[in-house]
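**Student:** Grabbed the feature section from TrEMBL, which reads as follows:
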DOMAIN    108-205  domain 'Mandelate racemase/muconate lactonizing enzyme C-terminal'
ACT_SITE  K129  active site, proton acceptor
BINDING   D158, E184, E210  Mg(2+) binding site
SITE      D233  site 'Increases basicity of active site His'
ACT_SITE  H260  active site, proton donor/acceptor
Amino acid sequence: SRDGFEGVGFSYSKRAGGQGIYAHAKEIADNLLGEDPNDIDKIYTKLLWAGASVGRSGMAVQAISPIDIALWDMKAKRAGLPLAKLLGAHRDSVQCYNTSGGFLHTPLDQVLKNVVISRENGIGGIKLKVGQPNCAEDIRRLTAVREALGDEFPLMVDANQQWDRETAIRMGRKMEQFNLIWIEEPLDAYDIEGHAQLAAALDTPIATGEMLTSFREHEQLILGNASDFVQPDAPRVGGISPFLKIMDLAAKHGRKLAPHFAMEVHLHLSAAYPLEPWLEHFEWLNPLFNEQLELRDGRMWISDRHGLGFTLSEQARRWTQLTCEFGKRP
């Protein structure tokens, strides 16, 4: 900004689409010139309409995400506060779980080692991927992990949309014995009716929402009673601004919150949620930032650094400048 403040924001794609997101962001970025960075809603609407012909979800809003996140980061820095405090934090830390130690392809002995390491590193829960071609293998692995953790340590499973409705209800009932925090994405992400049927039929809570890319899609999920935990992803839904609207709607309907990925952003947003949330811990983005989050007592802690509390590392510049010109010197 003209007064010397900088904001940090990012979007991402795990597979195809990253260059498309960047191209769209670059095309709409000129609309920022001359605007007051405090007018975040006004700017968001302007950017949305600049790309309205390609829609209001998916890549069109994922391109707005880094700009919107950076504006919120800048606003908190200007206020001299961590973003969580600017939003009105309910807590100084959020319970967190390891989401990357139990992938389908990971041998069971390594999964059990990851369980031990996670607990030693201050992680408060473990998530195991399910959806093996042989459902009995899921139960075998889950039994071993539960025995290693004990009965009370928080355990979640994630099917990553691998089941049909019949399989999901059958597996959900078999998994009731494991005292799970939730079953995540048992069905296709857009099967609102199917998720609602599961949520009504099972004692174990249902979690979903990470693949949705707009407020409207999350609105359908929440109003359709399709999940007990909502899992919005700020970079995917268009940034912090729509994420806050999703949070507000979810809270009004008594849903719990467990955001997907981007813990650097979601720690602050989760801290401002009225109900106790869960936050997933990924180490994948650690090299991008000079600062790291503190893990202790099963929780992730908010620092006293202003804004999001992160600055981009030289590694981030080396990784990105060849394709998106970040860090390019004149």
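Just so you know, glycine gets a Cβ as well, placed from its N, Cα and C.
Just so you know, TrEMBL annotations never went through curation; they're auto-generated.
A description of the local structural setting of each listed feature is requested, covering burial, neighbours and distances.
**Tutor:** DSSP states for the domain 'Mandelate racemase/muconate lactonizing enzyme C-terminal' (108-205), grouped as helix (H, G, I), strand (E, B) and coil, give 52 helix, 10 strand, 36 coil.
In the shown protein chains, 22 other C-beta atoms lie within 10 A of the C-beta of K129 (active site, proton acceptor).
A C-beta separation below 8 Å, combined with a sequence spacing of at least six in one chain, links E210 (Mg(2+) binding site) to E185, A189, Q231, P232, D233, R236, H260, F261.
There are 22 other CB atoms within 10 A of the CB of D233 (site 'Increases basicity of active site His'), with all protein chains counted.
A coil conformation is recorded for H260 (active site, proton donor/acceptor) in the three-state DSSP classification, outside any helix or strand. For H260 (active site, proton donor/acceptor), the number of other Cβ atoms no farther than 10 Å from its own Cβ, over all displayed protein chains, is 26.
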**Student:** Relative to the Cβ of D158 (Mg(2+) binding site), which residues of the same chain, six or more apart in sequence, are found under 8 Å away?
**Tutor:** T99, K127, L128, K129, V130, E184, E185
**Student:** Over the domain 'Mandelate racemase/muconate lactonizing enzyme C-terminal' (108-205), what does the predicted model average in pLDDT?
**Tutor:** 96
**Student:** Other residues with Cβ within 8 Å of the Cβ centroid of D158, E184, E210 at the Mg(2+) site?
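**Tutor:** Close Cβ neighbours, site residues excluded: K127, A159, N160, E185, A207, T208, Q231, H260.
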